[in-house]
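Going by TrEMBL, these are the annotated features:
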| type | residues | note |
| --- | --- | --- |
| TRANSMEM | 29-51 | transmembrane segment |
| DOMAIN | 47-295 | domain 'Rhodopsin' |
| TRANSMEM | 63-84 | transmembrane segment |
| TRANSMEM | 104-129 | transmembrane segment |
| TRANSMEM | 141-161 | transmembrane segment |
| TRANSMEM | 195-217 | transmembrane segment |
| TRANSMEM | 229-251 | transmembrane segment |
| TRANSMEM | 263-291 | transmembrane segment |
Amino acid sequence: MSNASSIFDLLGQVDNLSEPTPALNQRPLAFGLLISFLIVSYLCATARLYVRFRVSKCPGWDDLLVFLSMMTSFALTLSVLLCFDRGLGKHFITFASDQTKLNTYVMHACYPTATALIKLAILFQYLRLFDETKSILRQTTLVMIGIVSLWGLAFSFISWFPAFPVSADWDFDNTTAVRYGLASLDPSSVVAASLAQTSTNMVLDLIVLAIPVSYYLQPNLSWKSQASLMGLFSLGSIVNVLSLFRLINIIDTRAGIFPTYDPSWYGCGAIVLAALEVSLATVCASLPVFWPVMKFNWGTIFVTYEISVTREENYVELDEAREPRDRIDPWNAHLKGPYVHDIELGKMDHQKDVEWSEGSSVAESNLQKAKL
């Protein structure tokens, strides 16, 4: 590689057509991973935005960054899927497609932009957590926001404008264009640009992940909270593991040009890992927002009401029913009338007997007067 003045001088140096197909070069496996991770990341990000806008009603810059990251992540994954139908995962010399070169340009451009956006989203989310102005963690977060912003601007510019004009990145017939970075025809420049981007990205991921570790280990947190935070920390560690595997792949294959220039074959694994890394990072940024709300309302989602109907029969003896009560029935307390009290005390029969005897006496006296 050191004697090659152009990447095309490395084309066909080694016959690698008989090499076994790497796992991530296989279309079914790659499609299953990419689509599954993208769907899960979109579900988590949508749940996060719903909680921020409709439940807590406190959206912030971190939510805007997550939304922008969703857009770039979708473009990245879609371009990878389309590239599989246009030669990605196959040997470079077995196909020739300008559309594949264009999709490769989109992949390389979206990756640093998406990773920078998701890092900034997590860092801005830290500012909500570390609300003390003079806190060391807050000051560290602010410094990292500046560093990640500069990193994202630099590598995004290099990726979106790798040549002047930009079309020279996929138009190799243009011999007058200015190319640099990943679009350079110099093998050493391509390797240096790939290693610089991947290694610095992994270092920044580790720093962002390590910032709140001391907060996770606070003794006043319950064991459930600590377990949840450590689970989130473990998920973030998986993102760094994917980034590490990607770096190893780039080192082993010299960014897809060693032992021969075959980027679609040797670089396929690194490209798939890049898309998976961005999707999983989106999940990490979204879980702390929507998971506590969903966990709190989990019982109301799966609640079950049980109604028990029983029947009881009470039998009262006739003599007991006729016994006088010592108070008025509260359900009939609103009734009014001269006999209400007597009815409630069981004296109605006695009242009727008195009225009947009085009426009979009056009738008998009137009859005697008539006979006289």
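Cβ atoms here come from the backbone N, Cα and C positions, even for glycine.
Just so it is clear, the model here is predicted, and its values are computed rather than measured.
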Same-chain residues at least 6 beyond the ends of the transmembrane segment (29-51) with a Cβ under 8 Å from one of its Cβ atoms are 23, 59, 63, 66-67, 69-70, 73-74, 77, 80-81, 84, 89, 268, 272, 275-276, 278-280, 282-283, 285-287, 289-290, 293-294
Sequence-distant residues near the transmembrane segment (229-251) by C-beta distance (under 8 Å, 6 or more away from its ends) are 191, 194-195, 198-199, 201-202, 205-206, 209, 213, 215-216, 221, 266-267, 269-270, 273-274, 276-277, 280-281, 283-284, 287-288
Per the Cβ under 8 Å criterion, with at least 6 residues separating them from its ends, the transmembrane segment (263-291) contacts 16, 19, 22-25, 30, 33-34, 37-38, 40-41, 44-45, 47-48, 50-52, 62, 66, 69-70, 72-73, 76-77, 80, 83, 87-92, 95, 100, 104, 107, 111, 114-115, 118-119, 121-122, 125, 198, 205, 228, 232, 235-236, 238-239, 242-243, 245-246, 249-250, 253, 255-257
